[in-house]
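Down below is the structure, laid out as structure tokens.
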Amino acid sequence: MSLPDGFYIRRMEEGDLEQVTETLKVLTTVGTITPESFSKLIKYWNEATVWNDNEDKKIMQYNPMVIVDKRTETVAATGNIIIERKIIHELGLCGHIEDIAVNSKYQGQGLGKLLIDQLVTIGFDYGCYKIILDCDEKNVKFYEKCGFSNAGVEMQIRK
């Protein structure tokens with residue numbers, strides 16, 4: 001499945017702050033983020049790598065992606081896959097999909113599934129043995145359509 005006409009996908013950039021935070025508000029509270037802090041975050045994400053046996057292939061630890069409307073240069077969707085090097089599975093890689101959000105103006109166009117597909121491709125291309133995510137009960141059917149299956153229970157503790 002490819003992106004609909006008029007959209008493209010790319011890595012998140014420093015100039016995306018306002019649109020990304022606005023898009024993430026459909027998911028949860030975002031709070032106040034200064035342009036300076038966002039710039040530092042993007043720089044960190046662009047430099048952080050995961051140790052790799054195959055030095056020919058750089059494994060980016062953070063892979064924040066956005067789907068953009070070409071007509072307006074508006075961020076329509078955002079998400080991230082974070083790559084973790086584990087001890088188990090012979091020092092295997094595990095991908096964690098995080099912060100999937102589609103701008104309310106663009107929902108219902110299949111962009112969320114396309115974004116998930118792209119993030120899964122990134123994870124498997126890096127060699128992840130599995131890709132996991134946490135979601136609200138109301139989103140289970142969506143993630144099942146994306147090929148995910150229930151594999152346990154999420155637990156949390158908050159301060």
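A Cβ is built for glycine as well, from the same backbone N, Cα and C atoms used for every other residue.
Fair warning: this is a prediction, and the values are worked out from it, not measured in the lab.
The Cβ of Ser2 (N-acetylserine) lies under 8 Å from the Cβ of Leu114, each of these being in the same chain and 6 or more residues away along the sequence. The secondary structure of Ser2 (N-acetylserine), as reduced to three states from DSSP, is coil rather than helix or strand. Here Swiss-Prot flags Ser2 as N-acetylserine.
Residues annotated as D-glucosamine 6-phosphate binding site in Swiss-Prot: Thr28, Lys86, Ile87, Ile88, His89, Glu98, Asp99, Ile100, Tyr129, Lys130, Asp134, Arg158. Within the same chain, no residue at least six positions away from Thr28 (D-glucosamine 6-phosphate binding site) has a Cβ under 8 Å of its Cβ.
When the domain 'N-acetyltransferase' (28-159) is classified with DSSP, helix, strand and coil residues number 45 helix, 40 strand, 47 coil. What Swiss-Prot lists as domain 'N-acetyltransferase' is 28-159.
What Swiss-Prot lists as acetyl-CoA binding site is Ile100, Ala101, Val102, Gly108, Gln109, Gly110, Leu111, Gly112, Lys113, Tyr143, Glu144, Lys145, and the listing cites experimental evidence.
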Quick check on the binding-site residues: of His89, Lys113, whose CB has the lowest count of neighbouring CB atoms inside 10 Å?
His89
Over all shown protein chains, what is the count of other CB atoms within 10 A of the CB belonging to Asp99 (D-glucosamine 6-phosphate binding site)?
15
Relative to the Cα of Ile100 (acetyl-CoA binding site), which of the binding-site residues Ile87, His89, Tyr129, Asp134 has the closest Cα?
Asp134
Chain-internal residues near Asp134 (D-glucosamine 6-phosphate binding site), provided their CB is under 8 angstroms and they sit 6+ positions away:
Glu154
Please report the Cα separation of His89 (D-glucosamine 6-phosphate binding site) and Glu144 (acetyl-CoA binding site) in Å, rounded to an integer.
25
